[in-house]
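Have a look at the structure below before the remarks.
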């Protein structure tokens, strides 16, 4: 009977046991899970609605076709993709009561999530770069930070994230799963899956470590160094008004950085490297840390930008008359 449930392949003269799929069991022991899934559904709707509004406003206003807003639209696209990789699957498990995911689809979800997570990290670093050039090199801003250079930077981050994540996901096919296929997470998570393997997963652990440092540590260090440089430049300004005005343009971005990096880095450090967190706490905290930033990014940052806010309000008034709410 077991022979009908698994596929066997040969790799380097060793037998690889590949299961038909995995069972996602991260939420089975959590109380009030129905309330949490209703909350996640609300988060997903808000994510898609507000980020789509940002994309529409920028795409159909030629005066917003600048390097800064190219970086903003890049973040909005990534926000939608990141939450789409996990939330619909989690809601489907709750509604249909089917937590099984086929092996190949598991790898696709794994790739999509970590690629999007890396792109989110790089997108925040790109926004920090935009602020760095605008504040530290104001006279050369238009010549250094051009639409072409920003397109190249964004293109490189996409290529890098896709490449390293594809490699890390691809080597998962070298693992043999002959015991449990129950993944204690809220999706096909990289570490919980490779720890189910029967053979040596040193390469996968090394890839996960490298991926964590490159897609989280690298951009985060760049952001920190950027703001150190910005602060040095700001405090060298003679005018107090100039200092306040320069720092005011960075406030919302600092909030995004804190909301994204602090929970993610804490969870990855305690859970993956030190393994000090309770499994239930890790699943709940990681799902929140991954799903909340894409939801609040357009509200806290993008739609607070004066140019986008004016055009978004005008669009809503044109289509809905005098709306009951507006973007405060």
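Quick reminder: no glycine exception, Cβ is built from N, Cα and C everywhere.
TrEMBL: automatically predicted annotations, no manual curation.
TrEMBL lists transmembrane segment at one of the ranges 150-172, 173-195, namely 150-172. Feature transmembrane segment, per TrEMBL, maps to range 283-303 of the set 283-303, 304-324. Per-residue pLDDT, averaged along the domain 'G-protein coupled receptors family 1 profile' (50-301), amounts to 89 for this model. If you look at the transmembrane segment (283-303) against the transmembrane segment (150-172), you find fewer than three C-beta pairs under 8 angstroms, all six or more positions apart, and that falls short of contact.
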